[in-house]
Amino acid sequence: MEVARPQLIHRWISVVVLLCMFTFEAQCFYLPGVAPQDFLKGDPLMVKVNKLTSTKTQLPYSYYSLPYCTPKKIVDSAENLGEVLRGDRIENSPFEFHMREPQMCNVVCRIVLNAKTAKELKEKIEDEYRVNMILDNLPLVMPIKRPDLDTTVYQHGFHVGLKGQYAGSKDEKYFIHNHLTFTVKFHKDPQTDAARVVGFEVRPFSVKHEYDGEWTGKNRLTTCDPHAKRTVTSSDSPQEVEDKKEIIFTYDVEFEESDIKWASRWDTYLLMADDQIHWFSIVNSLMIVLFLSGMVAMIMLRTLYRDISKYNQLETQEEAQEETGWKLVHGDVFRPPINSDLLCVYVGTGVQFFGMTVVTMTFAVLGFLSPSNRGGLMTAMLLLWAFMGVFAGYASARLYKMFKGSEWKKITLKTALMFPGVVFSLFFVLNALIWGEKSSGAVPFGTMFALVFLWFGIAVPLVFVGSYVGFKKPAIEDPVKTNKIPRQVPEQAWYMNPVFSILIGGILPFGAVFIELFFILTSIWLQQFYYIFGFLFIVFIILIVTCAEITIVLCYFQLCSEDYLWWWRSYLTSGSSALYLFLYAAFYFFTKLEITKPVSGMLYFGYMLIASYAFFVLTGTIGFYACFWFTRLIYSSVKID
C-alpha cells in the first residue's frame, strides 16, 4: 500500500498538469458543460423554458405558473441537485424552431384573462419578474445598447411585462410582452452544411393583435402578417392586462450567421467589463498582506530572534527567575482551554470547509464548473463537503487526543452533526417560508431526502473513519511541560482586552476580500453570472495569508503581556471577520437591493447568516492553525529547565 501511494499521487499530478496544458493550449478558461451539437438545415431546435426570476422578491416561480401557452404535454428536464436547490424548473415549450429556417409572426395561442389570471400577471409585472429560456444549453439574453460606453450589455431573459400610461392619462396600466422576436446566432462549418448554436437573443414587444371576424385559430392577424411581410417592430399599441381581455401570443425567429466559434460562445455572457475593479481589489488586498507580512517578519526575525538568543544565554538562576515576556508563561501556554471539546469540533469543521473550498476552487479555475454546467458548482460543493468529512474527523480527533480526551466517539458525533445540524435547521425554516409562497425555489421532499442521505449516509460515516484513524495515532506532544497549577493572568491594558483585540483582528481579513464580496453578492442576488474564479482564487490565498498573519501578530502581543489563554482567542480573532461580512451584507441589502417583501428579506438575511457562519468556521480555523504552529515553533526554540 505504501509503495502504491506515490504512484497514485504521481498519476494525479500528471492528470492535473495535462489539464492545465490543455486549458492553456486551447486559450479558453472553461471546459463546456455539454458536448457540441451539430444541426443541419431544417433540424428542430428544442427551446426550453426555465423559472421566472425577480431581483425584487428573490422567489423563483415555474414558467407555467402564469397563463402562458403550453405544449400538448409538459415534460420536465432532468435536473441535478444544484439546479433544484437554485430553483431551476426546466420544461419543454410550445415554441418550434428549425435550424436556419426563419419564421415570421407564428401564433402560439390565444387566451382570455379572468380576474385571477389578470391579478397574477399584474403581480409579476409589479415585481419585475423576468422569463428565462434555454436553447442548446444557452440562456436567453436581451441585448441592450449602452451609448455612453459604446457597448452592448446582455440581460438575462426578458420582463413579463411593463407598467405605463396612455398619453394624456395619469392611470398606470399593466402591459404584457406577448410578441417575441428571437435571434438565433449560429456558426457554420465551412466543410459541411452543419451549424452550431452560438447565441440566443430576444426582443420583447407588447402588441394588441387584431384580426377580422370571430377567432377560429386560423385567422390572419392584421397587426402581424407573414404573407404581407408585416412584422412587429414597436410596442405602439400595447396589450393591456385586464379581466376579460384576450391576449394572442406570437413570435418571430431570425437566424444570424456569426464568426463566434462554439468554444467561445459563453464569452459574451461572461464578459468582464469591470476587470479594473478586480485588479484594484487584488492590489488592495496585496497591500494589506505586505503590511502584515512586514510586521510578522519584524516579529519573527528581529524581536523573536533577539528574545530567543537572550533567553538561551541566561547564565545564572537569578537571571532565569527574572525572565519576562512570552517565555514567562511557558508552563501554561499549552494548557487545554475551557470548552476544549467545542474547539475541537469547530476546528474539525473548519478543516472540512477548507478542504471543500480549495478543491472546489481548483476545479472552478480549471473550468470544470463553468456556468454552462448549470448547478454544477453547488452540486460539487455539497458532494465535496460530504467527502471531506474524513478530514474533519481526523483533525478534531488529533486535537482532542492532544487535550487528553478519551471519549473520541462523542467528539466525532458532535463534529458530524453540529455545524450541518445548525445549517440544515436554518435551511429547513427558510425552505418552509419559500414553500408557503408557492415558489418553485422550495426544495422538494425527494431532494431534501437526498441531502439528508448525503449527510448521514456519506458525511457522518466518513467523519467516524477519519476520527478513528486520527485517534489511533500517537498524541501530539507539547514542546514544553505544563505546570499543574495555572498561573494568574495579570491585568491587561485596554487595547489587549479580549473583545477589543478579537474585533480588531477581523477587520483586515474582511478588508482583503470585501471588494470581491461585492461581485459575489451581485451574482447571487442580482442574478448575474459569476465566473472570475481566477481572481477569486488569488483573493482566497490572500485571505488565508491575512488570517494567519493577523492572528500570529495579535497572539505574540498577547503572550508578551503574559496572557496565555490563546486557544479560543486565536480562533475568534480571524473568525470575527464573519461579523463584518454579515454587517456588509446588511449594508448591501439596504443600498443595492430593492427587496420590499418581508419573506424575501428573511430569506436574504437567513442565507447570509448561513454564509457568515461558514465564513466564521473557515477563517477561524485558518487563524487557529497559524497560531498553533507559531506557539509550538517559538516554545520549541528556547531552553527551558
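Cβ from N, Cα, C; glycine included.
Annotation source TrEMBL lists transmembrane segment at 12-32 (among others).
Look at TrEMBL and you will find 279-301 (among others) tagged as transmembrane segment. Distant neighbours of the transmembrane segment (279-301): 508, 511-513, 515-516, 535, 538-539, 542-543, 545-546, 549-550, 552-553, 556; these residues of the same chain sit at least 6 beyond its ends, with a Cβ under 8 Å from one of its Cβ atoms.
The transmembrane segment annotation in TrEMBL covers 343-369 (among others). Remote same-chain residues near the transmembrane segment (343-369) are listed as 16, 19-20, 23, 28-31, 337, 376-377, 380-381, 384-385, 388-389, 391-397, 399-400, 403, 405, 411, 414-415, 418-419, 463, 533-534, 536-537, 540, 567-568, 571, 614, 617-618, 620-622, 624-625 (criterion: CB distance under 8 Å, separation of at least six residues from the stretch ends).
The feature transmembrane segment is assigned by TrEMBL to 375-395 (among others). Only residues 6 or more beyond the boundaries of the transmembrane segment (375-395), in the same chain, are considered here, and those with a CB under 8 A from a CB of the stretch are 33, 79-86, 88, 347-349, 351-353, 355-356, 359-360, 363-364, 368-369, 412, 415-416, 451, 454-455, 458-470.
The annotation transmembrane segment is assigned in TrEMBL to 416-436 (among others). Beyond the transmembrane segment (416-436), the same-chain residues lying 6 or more positions past its ends with a Cβ under 8 Å from any Cβ of the stretch are 59, 345-346, 349, 389, 392-393, 442-443, 448, 451, 455, 459-460, 463-464, 599, 602-603, 606-607, 609-610, 613-614, 617.
The annotation transmembrane segment is assigned in TrEMBL to 448-471 (among others).
Long-range contacts of the transmembrane segment (492-525) within the same chain: residues 55, 58, 274, 277-278, 280-281, 284-285, 288-289, 292, 532, 535-536, 539, 542-543, 546-547, 550-551, 554, 557-558, 561, 563, 565, 569, 572-581, 584-585, 588, 592-593, 604, 619, 623, each at least 6 residues beyond the stretch ends and with a Cβ under 8 Å from a Cβ of the stretch. The transmembrane segment feature in TrEMBL is assigned to 492-525 (among others).
Under the heading transmembrane segment, TrEMBL lists 531-559 (among others). Under 8 Å from some Cβ of the transmembrane segment (531-559) lie the Cβ atoms of residues 29-30, 270, 272, 275, 278, 281-282, 285-286, 288-289, 292-293, 295-296, 299, 303-304, 325-326, 329, 333, 357, 361-362, 364-365, 369-371, 496, 501, 504-505, 508-509, 512-513, 516, 519-520, 566, 569-570, 573-574, 577, 619, 622-627, 630-631, all in the same chain and six or more residues away from its ends.
The transmembrane segment annotation in TrEMBL covers 571-590 (among others).
Through the fold, the transmembrane segment (602-630) approaches residues 58-59, 343, 346-347, 349-351, 353-354, 357, 419, 422-423, 426-427, 429-430, 433-434, 505-506, 509, 525, 543-544, 547-552, 555-556, 566-567, 570-579, 581-582, 585-586, 589, 593, 595 of its own chain, all at least 6 residues removed from its boundaries and within a Cβ separation under 8 Å. Annotation comment: TrEMBL describes 602-630 (among others) as transmembrane segment.
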